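Below is one structure; the comments refer to it alone.
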Amino acid sequence: MEISWGRAMWRNFLGQSPDWYKLALLVFLIINPFIFLANPFIAGWLLVAEFIFTLAMALKCYPLLPGGLLAIEAVIIGMTSAAHVREEVAANLEVLLLLMFMVAGIYFMKQLLLFIFTRLLLSIRSKMVLSLAFCVAAAFLSAFLDALTVVAVVISVAVGFYGIYHRVASSRGEENDMLDDSHIDPHYKTVLEQFRGFLRSLMMHAGVGTALGGVMTMVGEPQNLIIAKAAGWHFGDFFLRMSPVTVPVLICGLLTCMLVEKMRWFGYGETLPEKVRDVLQQFDDQSRKKRTRQDKLKLIVQAIIGVWLVTALALHLAEVGLIGLSVIILATALTGVTDEHAIGKAFTESLPFTALLTVFFSIVAVIIDQHLFAPIIQFVLQASEHAQLTLFYLFNGLLSSISDNVFVGTIYINEAKAAMENGAISLKQFELLAVAINTGTNLPSVATPNGQAAFLFLLTSALAPLIRLSYGRMVWMALPYTIVLTLIGLLCVEFTLAPVTEWMTQAGWLATLS
């Protein structure tokens with residue numbers, strides 16, 4: 001018997017999302033116009049809370065859908081205007097270009113990145129050294145590339161290796177289903193569990209590595225570029241400005257990596273079983289023998305393009321997104337990727353998030369039009385200049401750990417710049433606040449998958465169920481890093497940021513907007 005029209009519509013609305021989630025969104029959409037008529041300020045804050053809710057529930061439904069519906073309604077009922085949304089999008093065009101072209105560009109360098117991480121995994125026998133190598137490699141790559149892409153590459157390596165061993169353990173060859181353990185021989189099961197623990201720890205080290213490296217440069221995370229643009233900083237300026245906080249945090253983060261591996265705390269410390277290493281080594285040896293001269297040349301070309309990417313970013317030869325576009329053109333032209341559909345696959349990772357970011361800017365337009373953050377900013381600005389840095393860092397950190405750090409960073413840097421333009425703070429103080437905002441959005445956000453897009457990507461990937469990486473386990477394994485990164489970042493903002501920045505300015509290393 002066919003279902004009713006009403007039931008069919010309910011099933012179509014947000015698809016497989018839970019009924020309670022659908023109902024919650026409908027309630028939001030119904031009550032918002034009435035609350036806006038009664039009190040626009042409260043309605044604005046309610047909209048922000050609802051939007052943060054959709055971000056926190058990203059595993060139930062991709063936030064673009066519910067967040068987009070809320071944003072459309074906000075424009076219709078007059079909380080902001082379509083013209084203001086367009087202005088916000090236009091002002092952040094560089095960020096949209098970064099997401100569209102840089103992420104797609106790195107997609108065509110995946111072979112090189114896969115080669116690097118495969119060599120690391122099979123060449124280094126010490127688990128502590130291997131974990132450190134993965135963390136450092138992810139940090140370095142994320143400083144110049146998109147963190148999502150770096151995590152995607154490490155996931156590809158892990159899924160590939162897991163599949164190879166799972167096939168051997170189940171003795172089912174190409175018909176093997178990696179999610180089905182029913183055919184695993186009993187003596188392989190213990191080894192498989194150990195291998196899962198090994199992969200879980202490597203993935204978490206790599207994920208945190210992307211946060212450690214991503215905070216250091218203006219292209220490491222999307223919000224970095226927004227903050228750099230507001231402050232008028234180029235690549236080198238941004239790196240130097242952040243270094244009083246980010247360099248000590250990087251060192252302490254790497255020490256944490258070594259400590260949790262050594263002490264086997266928080267689910268870390270599992271080593272690669274020798275049986276698994278033998279299987280993977282045999283597979284790699286076969287793959288290397290099959291590698292043709294054409295394949296080797298592709299790796300060399302990708303490495304040269306990588307050098308061009310780093311050089312172009314460091315010297316600011318063009319806008320970041322345009323450098324990414326040049327990577328797409330060079331990588332496809334010189335490695336023989338000519339099919340439109342093959343090129344189109346490169347954009348599948350970045351475009352949903354680019355669309356979501358455009359929705360972010362709609363909510364930012366509401367925040368500006370309704371002056372939602374004015375009371376918070378006034379409260380912070382009443383404090384001493386020294387205390388302002390700590391408060392901005394903590395407010396950003398708290399929100400970023402439960403919401404998306406791009407959203408949070410965009411809001412706070414806009415408010416800080418408005419305060420400077422209104423004469424409430426000096427240019428020098430604004431530049432210090434920009435560092436506090438950037439580090440506040442990037443470092444504490446490792447606490448949950450909601451804050452870091454790379455963590456959320458890992459949690460929703462095909463790898464997570466294979467290695468038994470749940471939301472709770474990810475939060476638990478991230479906990480030591482959350483504590484260390486947040487506290488060291490706070491101490492550096494409190495004690496080293498202002499004096500080191502002053503020293504670099506006097507030494508002539510830094511320029512200002514004035």
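Along the chain as shown, residues are numbered 1 onward.
Here the Cβ of each residue, glycine as well, is placed from N, Cα and C on the backbone.
Checked against Swiss-Prot, the range among 202-222, 328-348 recorded as transmembrane segment is 202-222. Beyond the transmembrane segment (97-117), the same-chain residues lying 6 or more positions past its ends with a Cβ under 8 Å from any Cβ of the stretch are 134, 137, 141, 145-146, 148-150, 152-154, 156-157, 219, 222, 225, 298-299, 302-303, 305-306, 309, 319-328, 331-332, 335, 337, 345-347, 349-351, 353-354, 357.
The stretch in 23-43, 63-83, 238-258, 391-411, 475-495 that contributes the largest number of Cβ pairs under 8 Å to the transmembrane segment (120-140) is 238-258.
Counting same-chain residues at least six beyond the ends of the transmembrane segment (303-323), those with a Cβ under 8 angstroms from any Cβ of the stretch are 94, 96-98, 100-102, 105, 109, 112, 144-145, 217-219, 225, 234-236, 330-331, 334.
Spatially, the transmembrane segment (202-222) is not adjacent to the transmembrane segment (23-43); fewer than three Cβ-Cβ distances between them are under 8 Å for residues at least 6 apart in sequence.
With a cut-off of 8 Å on Cβ pairs spaced 6 or more residues apart, the transmembrane segment (23-43) and the transmembrane segment (475-495) reach fewer than 3 such pairs and are scored as not touching.
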